[in-house]
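S.K.: Here's a structure for you.
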């Protein structure tokens, strides 16, 4: 029996977002009161992220024939992340220099109210490469799961998977238990996703109700430049990578349209992580590749965040008339190559990394963060959407490079033009 269009999660979330925008615009006070709906949905998603990553990574690694393949997958993924995120940083830098959205604003940094950004500056002071690397190691396994730290859970899951693999037949019972537990967890995910329209409605109503459409108009040029840049990056850069890998970026976007709408409503790519793990397996990527690439990409492959960081930093310099010659911009790029890896796929993380970057560069006024604080919530949506698409493309690319991609299945799912591609897994 053909399913009704009204049962489509895609349509339900789209309608919910539209209603949320209207409510927030016409009844802003009521709209801001809808915040708990969005927060509640995101908390439900975060509740199951740690067990999903653990189960996916452990069963993926333990089920592989060779441990060398795991190391090769990780190395290829990290190399891909570094190259593509660097391209994203450079594109953001080039576009903001060409369009110059901040030129002519002539803002005095000393006149800005920095109270609102003080909390971000304080968090940014805690950022650092050594601190970031040490934070990957959990103080306790229970603590890693309790805090929902993706990289900490991933580290433990990889070690657990290796140990389980070395047990061989003795570990089969544990493997079966974890595999069965994973099926239960994905059942829980399906239950939670039925609440996605409510969560998207609440988050969008709050955003529009609190910040208003007027905020968009006030600094609309920067927002427009950023959205255009993200769109160009997805179509041109990720599109070219997708084409070289054997699939269409537009078909892939259509394939993950429900996840994209959930991200649009919540402004966090993390909210779609559990479903992305499942969908990337269904598109033909081996579980071991999906389990490594997707969670790692949430800290090392945030293309949208990379574009945002360079554009926002230079915009602040332009708006406050801070000097930014070619060497200052090269310094900014080098700093961002490191600091951008500390961002996670959660709302607000990009703003914290931006604060850390301004502090590290030195000659850019941290007070300038106050300029974009009001519109950061709107820009975070484009960041999250680009991050999600980028991590999905990365998974397919790495899977193909590691010969862990069922290309026949990929073409069947995405409707690719070449249905006669070989199946390297079979």
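Glycine too: its Cβ is placed from the backbone N, Cα and C atoms.
Predicted, not measured: the structure shown is a model, and the values here were computed from it.
Quick paste from Swiss-Prot:
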type     : residues : note
TRANSMEM : 4-24     : transmembrane segment
TRANSMEM : 44-64    : transmembrane segment
TRANSMEM : 76-96    : transmembrane segment
TRANSMEM : 142-162  : transmembrane segment
TRANSMEM : 184-204  : transmembrane segment
TRANSMEM : 222-242  : transmembrane segment
TRANSMEM : 326-346  : transmembrane segment
TRANSMEM : 352-372  : transmembrane segment
S.K.: Taking the transmembrane segment (76-96) as reference, which of 142-162, 184-204, 222-242, 352-372 has the most Cβ pairs under 8 angstroms?
M.R.: 222-242
S.K.: Return yes if the transmembrane segment (142-162) and the transmembrane segment (44-64) have at least 3 CB pairs under 8 Å (sequence gap of 6 or more), otherwise no.
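M.R.: Between the transmembrane segment (142-162) and the transmembrane segment (44-64), contact is present.
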S.K.: With a Cβ cut-off under 8 Å, give me the same-chain residues at least six positions beyond the ends of the transmembrane segment (222-242) that come close to it.
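M.R.: Answer is 84, 87-88, 91-92, 95-96, 99, 101-102, 216, 248-250, 252-253, 303-304, 307-308, 311-312, 315, 372, 375, 378-379, 382-383, 385-386, 389-390, 393, 396-397.
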